[in-house]
């Protein structure tokens, strides 16, 4: 091998380099020969690397020869723009003293070798990379590449393990590519993708940052003073630059290509090695791809600098990390965290004050910012130093004075003005056009004859709509000033845009002054108005179509170079082919065509009459003694404003309705075109399945041994069926019917292969004879058969397929269920064990498992009997055998009961583990995920054996040898990497579960974080990224030894966790592609067989001998494929209604939506189960983003990043993975909350700004409606409901106060109204009915995609059954609640922030959750809103009933009762009463001892969302969320916490004041009595005043007696709190009785008065909390001090005197809130209690939730006699208390109504109160 390598035709070292040639000889373009042979290392094999300590001594001489090559001789004669390859730049002047410290040594102080490595790399055999090592004419031998890594590690101080890891990384990549192309081509293409190709990120950055200008100046102006700031871009003069060769990007690219062509193989490999070594130790800086490019550029300049050849010093190991990466890491960490009491705690900074990864990265985009990188001395700039010395100076850069914010993620809704300006323009301008055209009565003369001549006025009024569009853009520009830090260039652009927009506004709106104000009827006015209308339409179209960033911008050549960075990194969108672009345009043409037509006829025209009636209506004979009659007279105008708001919201909503309809339609059409439909003939699918297996999954490898296709297909098909049998999806009987079998021909005795009749006898769609009906096996076989009917790329041979890695992040997800977890109840509230529940869900699979286990047990018994028999005599043996047979023959079914109950009879581990595995593979565990995706390993082995049958003959029955070769192939092509962040901290159970995985899958690799204490007490802990696998030795502590252990600059978990975990593990992936998988997914063997087809979707696997650097004018430029998505099957479907609803949503989004979105270029990355182009993604920031809070939904940012940087994202329809979803009400809502808050953060992000302001219109609409539009639509739905409630409140107030006209459908329009003096509300009622229909349709259209998806793939019956089951299970209630949760999450996040990862929980939802927990969790998001709407709707129903209000009653019930309706066993009477007891305890506890599960804790946590906690206790280890609750910024929450409550209070008060403006006895007369304003003040402020008085008394009592009474009566504080709370409840009831008395028992007026008083109280409390309350003390000592009177020892310090006053304010708010929660909670419980009285309600409810037949439902709890008696006593006692409270509250309403007739009406007539 060595001889062959040395005899290659490489030429003498400097034979032609010094001859003056400008190009290498034609025979070679490789690096100079390096005479490596075994004489240097006689004891080393070619597959080993020398130790660095021995290696560097004899290495220097040879490197001096190699490094003396002047790479400038590779340049063309002209002065081009060379990238970074110069080994010897022109001589520079002698540096000043301040720079001499960077002259010779890698880093100051590193003079002696510190790296002592026994083995530079692990011993690798030549078979590890056979495609590279065994190929002839490799560009560089394996040991040459290892020499490069060793030399770079020596020179830069890379860590030894990092070097080994990156060496293996590169070699696997080269081996992967060399398996399908020549080694030289493999190296070329790899170099092109990393460094020099058209799609390489480094190349894009190099030209974007204009470093070619810097290169030119380095050659042209070597005497520039080093202390000056280099002007890398000359704005005015280009005299010193060769404009023709450097400013012309095309020429610069040409010279780059020439440089790349003439780069030697050695230099290519060296560049790759250097980049990978930097990337491998960059830690969190990997999130900053251009920062890595910058570091690589400086390092390579240093490597090829003039000092390189004379430098003989070796950098210490880890010096690169310490001097280059750690300063950057420290800066990023310190931006977000501070040290408090020795702990890192998150700073109280929102995103706008944190310089994050993107801000750091964007510094390196622009030459001006790079030029401003300053050293710590404050006056030396990095780029004032010579190129080769800048790297050494990086350790002295003052990064804190370099970086700045490049985008301000301010928490505001105003981001929507910038990001989605075109959405508002399209809708609001169209709304204006429709409304203005129909509302001519507003601006035309009231005389119809004159109005008919005022056509110009109408045209002009309509044309004003474009002025609104211009105002939106102007507002967007103004807000852009505050979000984008201004430079002179950006300020100039924005200012110019504002000036043009102002002029355009005058042109569009100015003519209206003439047409409306001066000349309303003339022909000139008509011409002006028509012209204005045309200009208006053109302006609106222009502002709607053109992205905001492109408005009025026309780039010249020089300007385009300045914009290259932003264009390259934020707007380099992949182009769509003509067909896809036409589909995209057609989709949106259909959507908006239907929307505009429907909105006009259904909304605009129906609103016309209502508008006219309310606009002209004025209320007569009304008055208020304080505010007069103006308010009540104009009540219709206020109502009209609310109606217009409702109309506008509906105008937005119906767009999304049409988007869902047409998106579904296009997706279904695409499904039919792909052949993926159930309507494909059944016989065609299965009869041709064997042929399709052969044609689409098997490739021709050119094997010398040719087998028939039937034989090949039989091996694959049988393997699939046997895998299902081993997973217990099929019984042995089914397997016998489905396998290919060898049968003997009776005529000739020959054996032949008989296919199963399954392929030929499927004349109908019923496959029950072969597959269990409705089973997983049936679904999998059907999908597999149907998927092979779709178009698929051709597979390549296994040996030629690329290597890929599956990466799964893991934190605390369950690895393997323990025996205790599956055979014992989850908690005291659970009625079933997990194993029992799984047996009920999967009875057939459990039966298969039991049969298999029994067979295994019987075999073991027989084996033991055989063993005993062999040791005895033959006679005794026969006797014993006969006795055993008789014993077994007499066995009864009772002996098998343990198998059917728990799956085993013996407690031996081999049996119990089987049961644990069976349960784990049906739950959402990591074991299920690993075992599923390790099917890739089995699939590769299977395909290799099938396609290469000569291998079986080669080993002649040597099974171990055959398996060893198959394993080596599988390991080469596939790696599974689990990022177990907590592996080093696993408990014993987790450790044993992981070890079980290692033993079953030795090739499984695990990455984890390890932590060691610092060298001193004050020093920080040291963190490591550690890789281990099943082949590493087992240590004494039960863990595996490390394979690689790489030190990190610090704790890498700076974000929300998952993205950081992925990032630190990413350096250990291998191959060209990645698949990202979550720890709750699954995969199947038949799907894994398609892996080669899926990887071919990346379109870069073709074998080509063309150099990527060769000039080809006919080459088609296509965007690289960055991501390939695939379908997901939600295996948690059919597990109850909630699991099925969640699965349906995931199914429609992951399949139906993504199918068409990928087609029209709108698909992004959603984490799983997407395949990634590993090089593309890792060179552009990684697979996710990680700034804490902002990047909560981390995956989608990687998709937006890839999309913005030119990566295509595809969707694979024929491949699917399994996916688990949340199953319980709380866990699903937690997931929804996480998604909603994450979307709130996305609204603030720069990615949305870039996409929203730069995408073309059709792709912008796809992005908007596919992502943020869904959440905005949810907000609009809930806003429509809220506004509708207010409208109905006003309509009800008018209806109950004035006389309504009688409706006569046969009357003419001019007929008089009857009775006289009435008010016509008929058009308003008709409009309300249309509004209800609109909201109903918008809401229920959400079920359309799932229905059509099921209809397409599963047929009519199954689609109707599934939808019917969901509706009968009350899933619409759940959908309403989910919509509100989305809305609440996004609104609160935009106001308060605080987005964080929420562990949703993935277990089975069989446990009853206590009422108090549900109430405290969902009161804020939904129950409070529902209760307020309940009162409004009750008033509206009593005042203006219409049957259409039933839908809104349904909505209110959903908002209030959904958490309890979907709670298991909510209606069990015994559980209900025990729950009531816990609710009362929850209300009362926490006042003498701090209790987290208490009402006072819930109240304080709700309040701290605004107030925050005192900063001095941040970092308290007792509460990990301390740093996550800062005080909300007043400017941010002013609108949501002050303005919105004020507006609602005003609206509610106006309605009540209107009702009170009429005489109580005759509504035709005005009110002459007390003002309604005073009455509202009494009702709203009365309870507050009474509570304050009571609190002062209690405070004085506690202060006076608490210090002595508490010593012998410890519950003194609790009784004081109970007394105060009781007083608050009595006050609230009393004020209600007072209002009932004052309103003469008119319940409608009382309701409206309470609504107004509640709104006023809510506004007052919001102001008090927002303005006057200071931060909370984290311990609950203040609350305890108030009730006990013991204020000493509370740690208040100087706050001891002011805190009681603050606490009085808090307690005033708390008393009113307690009374409200007490009454609201009891109201909910009373209504739920009525259902508990229905017989068998618990069984019916369980049937609804779990979809289990009554015979299989969950059994009651089995309790001890003592426990049963205790529960019985509790039920009796609290039933009595419950009934008592119920009677008291009912009496508070009924008794006054009974006494009402006895009250003298004359008294009220004399004194009109």
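Heads up, the Cβ atoms here are built off N, Cα and C, so glycines get one too.
TrEMBL does not curate its annotations; it predicts them automatically.
The shown structure was predicted, so the numbers you read here are calculated from the model rather than taken from an experiment.
What TrEMBL records for 1-51 (among others) is region 'Disordered'.
Summarising the annotation, TrEMBL assigns region 'Disordered' to 63-114 (among others).
If you look up TrEMBL, you'll see 63-78 marked as compositional bias 'Polar residues'.
Mean model confidence of the domain '1,3-beta-glucan synthase component FKS1-like' (266-378) amounts to 91 (pLDDT, 0 to 100 scale). Annotation source TrEMBL lists domain '1,3-beta-glucan synthase component FKS1-like' at 266-378.
Summarising the annotation, TrEMBL assigns transmembrane segment to 413-436 (among others).
Residues or ranges marked as transmembrane segment by TrEMBL: 457-478 (among others). Counting residues 6+ beyond its ends, the transmembrane segment (457-478) has Cβ neighbours under 8 Å at 414, 417-418, 421, 424-425, 428-430, 432-433, 436-437, 440, 443-444, 494, 497-498, 501-502, 504-505, 508-509, 511-512, 515-516, 520, 526, 528-530, 532-533, 535-537, 539-540, 543-544, 548, 551 in the same chain.
Summarising the annotation, TrEMBL assigns transmembrane segment to 525-545 (among others). Here the transmembrane segment (525-545) has Cβ contacts under 8 Å with residues 421-422, 425-426, 429, 455-457, 459-460, 462-467, 469-470, 472-473, 504, 507-508, 511-512, 514-515, 519, 551, 1257 of the same chain, all six or more residues outside its ends.
Summarising the annotation, TrEMBL assigns transmembrane segment to 626-650 (among others).
If you look up TrEMBL, you'll see 656-682 (among others) marked as transmembrane segment.
For 1283-1305 (among others), the entry in TrEMBL reads transmembrane segment. Same-chain residues lying 6 or more positions outside the transmembrane segment (1283-1305) and placing a CB less than 8 Å from one of its CB atoms are 619, 622, 635-636, 638-639, 642-643, 645-646, 649, 1311, 1313-1315, 1317-1322, 1324-1325, 1328, 1331-1332, 1335, 1429, 1432-1433, 1435-1436, 1438-1440, 1445, 1448, 1547-1548, 1551-1552, 1554-1555, 1557-1558, 1563-1564, 1644, 1648, 1651.
Under the heading transmembrane segment, TrEMBL lists 1430-1450 (among others).
Taken from TrEMBL, the feature transmembrane segment applies to 1530-1555 (among others).
Listed as Cβ neighbours of the transmembrane segment (1576-1603) (distance under 8 Å, sequence separation of 6 or more from its ends, same chain) are residues 1549, 1552-1553, 1612-1613, 1616, 1619-1620, 1623-1624, 1627-1628, 1631, 1634-1635, 1649-1650, 1652-1654, 1656-1657, 1660, 1682-1686, 1700, 1704, 1707-1708, 1711-1712, 1715. Sequence annotations record features per position, and here TrEMBL assigns transmembrane segment to 1576-1603 (among others).
TrEMBL lists 1615-1638 (among others) with the feature transmembrane segment.
Taken from TrEMBL, the feature transmembrane segment applies to 1645-1669 (among others). With a cut-off of 8 Å between Cβ atoms, the residues of this chain six or more beyond the transmembrane segment (1645-1669) that come close are 1289, 1293, 1428, 1431-1432, 1434-1435, 1438, 1503, 1506-1507, 1530, 1533-1534, 1537-1538, 1541-1542, 1544-1545, 1547-1549, 1551-1552, 1555-1556, 1575-1577, 1579-1580, 1583-1584, 1631-1632, 1635-1636, 1639, 1702, 1705-1706, 1708-1709, 1712-1713.
Annotation comment: TrEMBL describes 1718-1737 (among others) as transmembrane segment. Using a Cβ-Cβ cut-off under 8 Å and counting only residues 6 or more beyond its ends in the same chain, the transmembrane segment (1718-1737) has close neighbours at 1411, 1415, 1423, 1427, 1456-1457, 1460, 1466-1469, 1472, 1476, 1479, 1483, 1621, 1625, 1628-1629, 1778, 1781-1782, 1785.
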Item to complete: Counting only CB pairs under 8 A, let me know which of 413-436, 626-650, 1430-1450, 1615-1638 has the most with the transmembrane segment (1530-1555).
Response: 626-650
Item to complete: Mind tallying the domain '1,3-beta-glucan synthase component FKS1-like' (266-378) by DSSP state, helix then strand then coil?
Response: 69 helix, 10 strand, 34 coil
